[in-house]
Each structure stands twice: as C-alpha cells, then as structure tokens.
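What Swiss-Prot says about this one:
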- VAL12, ASP33, LYS38, TYR63, GLY77, ALA78, VAL116, THR117, ASN118, SER141: NAD(+) binding site (BINDING)
- GLN80, ARG86, ASN118, PRO119, VAL120, ASP121, ASP146, SER147, ALA148, ARG149, THR228: substrate binding site (BINDING)
- ARG151, HIS166: beta-D-fructose 1,6-bisphosphate binding site (BINDING)
- HIS173: active site, proton acceptor (ACT_SITE)
- TYR219: phosphotyrosine (MOD_RES)
Amino acid sequence: MNKISIIGSGFVGATTAYTLALSGIAKTIVLIDINKDKAEGDALDISHGVPFISPVELYAGDYSDVSGSDIIIITAGAAQKPGETRLDLVKRNTMIFKDIVAKLIKVNDTAIYLIVTNPVDILTYVTYKISGLPYGRVLGSGTVLDSARFRYLLSKHCNIDPRNIHGYIIGEHGDSELAAWSITNIAGIPIDNYCNLCGKACEKDFREEIFNNVVRAAYTIIEKKGATYYAVALAVRRIVEAIFRDENSILTVSSPLTGQYGVTNVALSLPSVVGRNGIVNILELPLSQEEIAAFRRSAEVIKSVIQELDI
C-alpha cells in the first residue's frame, strides 16, 4: 500500500511531504499537526500539483489516520526558546515525544518509526525505549544528511560526482560527530591517494576545513535563512525509498547500538543495512584506533544527556 504518515507539518514535515509526493513512491501521505489548519493548507497546496506527478492521495488527518501506515515519520517538536539550555529543550521534547508516541502506538504498532526531530539520536532512543517496538523498527535520520554534505564537499574539491565518493560521518548528528577518514575513498582509491593523483592537496588543514564545514553547515544555513529543510527532506526520502523498495542499502541512520565498538544503551549513526523491515544490520567499519576513541566519546556525550531524562 505504501502509506506514510508525517507527524509535524512545519518546515521539515511539509517539505518532506512535498519531496515524497514528487518521488512517486507513496500512494498515500497523511500530514498531522497540532495546528490542523497548517496541515490542511500544506496538504491542499501539494495536492493541487498532483496532476503534474504520479498519483498520490495527500490529506491532513489526526492520530487515528496513522492506522495502516507503513512508515510513520516524526518531525514534530518544540523549538529552542531564548536562554533555554540544550538539556532543557531535550527534556521538553522528550515529554512531547512521550505523548506523541503513546498516541501513535495505540493506533499503529506495526509501522517503521522514522525520527527526524532534533536532537535526533536522543529522540530515536527515547522512541525506542517508550514504544516497545522491536529492534530495527525505530530509526533516526541520523547522519545521512551529514554524510551527504561530506561527499558533496569532497566532490567539489576533487571535481568528482559525489555518488562515486564513499565516505561516512558517524556518531552523533551534532557537534561530536566524526568523519571516518581512514576508509574514505573514490572508486576504491583512498582519498589521500586520489588527491595525489589529481594534484589536489589533502593535508590535515584540508581535512579540518572539510569536516568543519560539515559540522557548521546547519548553523551557516540557519544564520542565512532561519532553518534547514530541503536537504534533510531529500535524506528522509532516500531512507523511505530504501525501506519501500527493500533495497538493503547502506545508510548512516541512527539506531540503538548493540555493542558496536563496545557501545550500548545509546542511539548513534553507523552505516546500516536498511530494507523493508527497517534496520537489517549495523556495520562495524575498520576504523582507526583514533576514530574508535572519538566514536566512543561521541557516545558518552549522548549518554550523559539520556541519563538526565525520565525514560
């Protein structure tokens, strides 16, 4: 049936609905928001373009309408108030998620739950813990977008199609994330070797510049236009495609870890096999010892916040 429900019709939720409608992968898309008028307006606006794309039924609904959904995407959440700490915001969003997830589970406990709201790693773990859903059926957008930014910036440097660049940003979707430089390659050629071939410099300063631009990307965009939503909507579309097409594609989604690199009791991003039933497997990359240590530090950052939450 390929039915999707999107909880939250803000910038990210509405743009995700539009992007999914354009993709033609869903037969039904439901928009649900506390502001019903906003959801109805977005649904109408997108629906009026359906004659130009593949047929799709798109409408605003309520929690009862998530029944029969194959994927439930959650983009809803509170925005940070002036002077509010990150931890206070996390606590507020945790309370919001407890309410949302409880309502959703009553209606649909067979869907795959895809979390997009930030901080996505923490809220993915919160959803997993309070939903009682089987492992693999709760995942977050994680560093799928960060990895795309990484490949894009490398593609500009190397003048190569980003689809031919293989590299990952892993760990937290946030300031403690890390680039897995030790395995980054172009057509199987390690990035340092490729840079030598094309005459481009790939010294430490180059790596720092690329990585810092990845980490700072959202801040830069928010400073210029107030929010990010186009690229993340495309990242969500890519995850949805992998699920509906049962691709077993490798994407850096966020999910509860089960001992990878010695890490448990936290959700973080690692390259994961994604198919019809959600996460099939999490891959452990042959990282350097320095990268493994950085990944574990990223886990501790998230764990320290989770320990402050009532879940």
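Using the three backbone atoms N, Cα and C, a Cβ is placed for every residue, glycine included.
Note that this is a predicted model, so its numbers are computed, not measured.
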Cβ atoms near THR228 (substrate binding site) (within 10 Å, other residues, all chains):
18
Using Cα coordinates, what distance in whole Å links ASP146 (substrate binding site) and HIS166 (beta-D-fructose 1,6-bisphosphate binding site)?
13
Are there any residues at least 6 positions away along the chain from ASN118 (NAD(+) binding site) with a Cβ closer than 8 Å to its Cβ? List them or say none.
GLY77, HIS173, GLY174
Among the recorded positions ARG151, HIS166, HIS173, whose Cβ has the fewest other Cβ atoms within 10 Å?
HIS166
What are the non-local neighbours of ALA148 (substrate binding site), defined as same-chain residues 6+ apart in sequence with CB under 8 A from its CB?
PRO162, ALA231, LEU234, ALA235
List of residues, in chain order, with Cβ under 8 A from that of VAL116 (NAD(+) binding site) and at least 6 apart:
VAL12, THR16, ILE73, ILE74, THR75, GLY140, SER141, VAL232, VAL236
Return only the integer: C-alpha distance in Å from the residue listed as 'phosphotyrosine' to THR228 (substrate binding site).
9
Going by Cα-Cα distance, pick out whichever of the binding-site residues LYS38, ARG151, HIS166 is nearest to VAL120 (substrate binding site).
ARG151
Work out how many Å separate LYS38 (NAD(+) binding site) and HIS166 (beta-D-fructose 1,6-bisphosphate binding site) at their Cα atoms, rounded off.
39
All-chain count of other Cβ atoms within 10 Å of GLY77 (NAD(+) binding site):
24
Rounded distance in angstrom between the Cα atoms of HIS166 (beta-D-fructose 1,6-bisphosphate binding site) and THR228 (substrate binding site):
24
Round to a whole number and give the Cα-to-Cα distance in Å for the pair ARG151 (beta-D-fructose 1,6-bisphosphate binding site) and THR228 (substrate binding site).
18
